[in-house]
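One structure is given below, encoded as structure tokens.
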Amino acid sequence: MNKFMNKILEGLEYTVLQEPEINTFTGMEHDSRKIVEGNIFIALEGDVADGHSFIDMAIQKGARLVFVSKEVSCQQGIGYILIKNLRKHLGVLASNFYDWPQRKLKILGVTGTNGKTTTTYLLEQLLGEEKVARFGTIEYKIGKEVIEAPNTTPESLDLIKMIKKAYDQGLEYIVMEVSSHALELGRVNMLEFDGAIFTNLTLDHLDYHKTMEQYFMAKRKLFLKLRGKGIKIFNIDDSYGKRLWKEFHGVSYGTDKADVQGKILAFEGGRERAEISLFQEKKECRIQILGGFNLYNLLGSIALVKELGMSNQEIFDKLEQLQGAPGRFETLDCGQDYMVIIDYAHTGDALENILQAVQEIKSGKIITIFGCGGDRDPRKRPIMAEIAERYSDFVVLTSDNPRTENPESILEEVKSGFTKENHICILERAEAIAEGIRRANKGDMVLIAGKGHETYQILGRKKYHFDDREFARREIVFRKQGR
């Protein structure tokens, strides 16, 4: 084995099934479709597909070294190396190949059930977009390049490649959402974080984690991955956040008795007038991001940048310019005399948060349009119906991303949570959006919840183009034209 191969394999247990005939490689991929001449192919076993089935395709496209997790027949002229539990060790393998770029930038992580996306957007703006690469639910953004995000947290190989690209472009920070799945599956095992924020923990993903305690323990892992005296930020108004704060200490944020505090004073002229307290220095400001839940996202963000060395004055100067993330309390203005809000809320807690925020600023009735995703924890379905009914004057229940479940069966499970008659069910989401908007009068609030920024609907295993914002804008315009 040559020096370069020894470097790639450093720290790993492996078996050489067949040595490669070349000594340098052009890149590393786990997707055979992306292979080019001279690449290394990583044959990962997944829930849906097994990468070992695509080795021949990868070789045809130019792979000259293949990493496997089980014995395979070897083609002449191609290198084969076996690493047991390959996915678990992929982060180290990729880091060795790309020369550990994560050690050359500041890595900031945000975890929690709700608020991760908005918090990363706020951090990017506070730190300066020209310095930050941002990875999360909506997209992966490196400089001016925007990459579609298949997962909230990328696969470890993809993550290392993007961090390397960020380093090569001279960026200083990686700001990323860290999902419980990523922590549990080891996608961030090779990272050490310079700072981490815990937003909250509420009922979600129990189809995967089984219990809230297991879900909590997965999130907790982020705070075991801090570099040296890494910055720890906790929402202590959340019971799980308080539990972590008591264990790890660090900086607290919340609405009372915290290092960083805030409260909303009034809704005026399309903005929230809020009072922010940064380590006892208070400032009143008018912020663009709406809702009490978004105030928490703001507080967590400014707590982290404060600990990174930003002055109170510099933070206060930026507050009024900060904007939220797409599909998070996103308002559509087509000149109508009622408000239409698009939000990603797809858990009971998130739906309650957004509806409470709408209650605070409403002048008319609230019309809520929502559904529940398929192949996800069914326990939250009746809970979301109860929440929608409690805060809304009228509810339109519809389909979300049914995936492989029967959409009508999902609706029946959701409907079991209703106790009143102030709702209707319309399976087709486009028609449900149209119906909700048609029912709106001057001063009313129409909330379209569940999909937010998404531009697709998943039916079966296929994605079809669908954007709540497009259908809502179209219906608003139709109404204005008298159609």
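Even glycines carry a Cβ here, placed using N, Cα and C.
Residue counts for the domain 'Mur ligase N-terminal catalytic' (25-98) under DSSP, helix first, then strand, then coil, are 25 helix, 17 strand, 32 coil. Residues or ranges marked as domain 'Mur ligase N-terminal catalytic' in TrEMBL: 25-98.
Annotation comment: TrEMBL describes 110-304 as domain 'Mur ligase central'. For the domain 'Mur ligase central' (110-304), the model's average pLDDT works out to 95.
Sequence annotations record features per position, and here TrEMBL assigns ATP binding site to G112, T113, N114, G115, K116, T117, T118. When secondary structure is read from DSSP and collapsed to three states, G112 (ATP binding site) falls in the coil class. Around the Cβ of G112 (ATP binding site), 27 further Cβ atoms fall within 10 Å across all displayed protein chains.
Annotated N6-carboxylysine per TrEMBL: K219, in sequence order. Residues within less than 8 Å, Cβ to Cβ, of K219 (N6-carboxylysine) and separated from it by at least 6 positions along the same chain comprise T111, G112, S180, L183, F198, L201, Y240.
Annotation comment: TrEMBL describes 327-452 as domain 'Mur ligase C-terminal'.
If you take the C-beta of E454 (meso-2,6-diaminopimelate binding site) and look for same-chain residues 6 or more apart in sequence within under 8 angstroms, you find G327, Y344, N401, F466, D467, D468. What TrEMBL records for R376, D400, N401, P402, R403, G450, E454 is meso-2,6-diaminopimelate binding site.
According to TrEMBL, the feature motif 'Meso-diaminopimelate recognition motif' maps to 400-403. Helix first, then strand, then coil: DSSP counts for the motif 'Meso-diaminopimelate recognition motif' (400-403) stand at 0 helix, 1 strand, 3 coil.
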By Cβ count within 10 Å, point out the most packed of the binding-site residues listed: K116, R376, R403. K116
Around the Cβ of T117 (ATP binding site), how many other Cβ atoms lie within 10 Å? Please give the count over every shown protein chain. 25
C-beta crowding around T118 (ATP binding site), within 10 angstroms: 30
Validating a neighbour-count step here. Other CB atoms within 10 A of the CB of G115 (ATP binding site): how many? 28
Please report how many Å separate the Cα atom of T118 (ATP binding site) from that of G450 (meso-2,6-diaminopimelate binding site), as a whole number. 15
Which one is it, among the binding-site residues R376, D400, P402, R403, G450, that lies nearest to K116 (ATP binding site) by Cα separation? G450
